[in-house]
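Student: Pasting in a structure now, in structure tokens, and then I'll have a few things to ask.
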Amino acid sequence: MKKDVLTLGGHEFSSRFILGSGKYNLNLIKAAVENAGAQMITLALRRANTSGGENILDFIPEGVTLLPNTSGARNAEEAVRIARLARAMNCGDFVKVEIIHDSKYLLPDNYETIKATEILAKEGFIVMPYMHADLNVARDLVNAGAACIMPLASPIGSNKGLATKEFIKILVDEIDLPIIVDAGIGRPSQACEAMEMGVAAVMANTAIATAGDIPAMAGAFKQAIEAGRAAYLSGLGRVLDKGASASSPLTGFLED
């Protein structure tokens, strides 16, 4: 049986759950990562303190792949600068390009994201661009050298779930790269539904960081993502447009 792995930039991951780290108490990160079974975690450089204070890198378990993001970047130039800084800090070649200059809704700037992706891909980064679900933009990101496509489900931190569901389905059908749902997933059930649709992975942060029991919620997401993936690979049962179909014979049971 073929091994089911997520492949990004030539690297293989058995976990399809990418954990965000932006809102955690540092002391809970290790437990969340372990319960999530996550092999990749996002990293905002402002939390990687190299001047002697608390450093998030000290709390991330060994062997977990770092995914530095360009949080705070307002244009391609700033995103490229942050990515280069992350590499200089030995955070590796993965980078999540996140470019936002809309401070109210925190929606990504797709066009600046394309520009940054092209520059960074040429420099050997494994670029994972965060974007608004748009097929034409996704195609441009593929051509720019992206390693995957990361459409938002709903606005960052909203926990509103799969508001862009129909557009994500289009990306799954039309784009050959892994589609990783990012931002807005608020419940394990929503993560499961995304995986059932055929996305390659799910990233979650706020839904876990704001839960009553953070490690337990991380574990719940892990199970939901695994269940959704298994359902997708199994082939979901058909849905009738109308009427019903008995699951047991309606004749030949009670006879005179």
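Note: Cβ is positioned from N, Cα and C throughout, glycine not excepted.
Annotations for this protein, taken from Swiss-Prot, read as follows:
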type	residues	note
ACT_SITE	Lys96	active site, schiff-base intermediate with DXP
BINDING	Gly157, Ala183, Gly184, Asn205, Thr206	1-deoxy-D-xylulose 5-phosphate binding site
Student: How long is the line from the C-alpha of Gly157 (1-deoxy-D-xylulose 5-phosphate binding site) to the C-alpha of Lys96 (active site, schiff-base intermediate with DXP), rounded to the nearest angstrom?
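Tutor: So the Cα of Lys96 (active site, schiff-base intermediate with DXP) lies 17 Å away from that of Gly157 (1-deoxy-D-xylulose 5-phosphate binding site).
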Student: Distance between Gly184 (1-deoxy-D-xylulose 5-phosphate binding site) and the residue listed as 'active site, schiff-base intermediate with DXP' at the Cα atoms, whole Å?
Tutor: 16
Student: How many other Cβ atoms are found within 10 Å of the Cβ atom of Ala183 (1-deoxy-D-xylulose 5-phosphate binding site), counting all protein chains shown?
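Tutor: Taking every protein chain into account, the count is 26.
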Student: Residues other than Gly157, Ala183, Gly184, Asn205, Thr206 within 8 Å, Cβ to Cβ centroid, of the 1-deoxy-D-xylulose 5-phosphate site?
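Tutor: My list of surrounding residues reads Gly20, Pro155, Ile156, Ser158, Asn159, Ile185, Gly186, Ala204, Ala207.
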Student: Take the C-alpha atoms of Thr206 (1-deoxy-D-xylulose 5-phosphate binding site) and the residue listed as 'active site, schiff-base intermediate with DXP' and report the distance between them in angstrom, rounded.
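Tutor: Here the two Cα atoms lie 17 Å apart.
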Student: So what sits near Asn205 (1-deoxy-D-xylulose 5-phosphate binding site) in its own chain, CB-to-CB under 8 Å and at least six residues off in sequence?
Tutor: Leu19, Gly20, Ser21, Gly22, Lys23, Thr42, Gly157
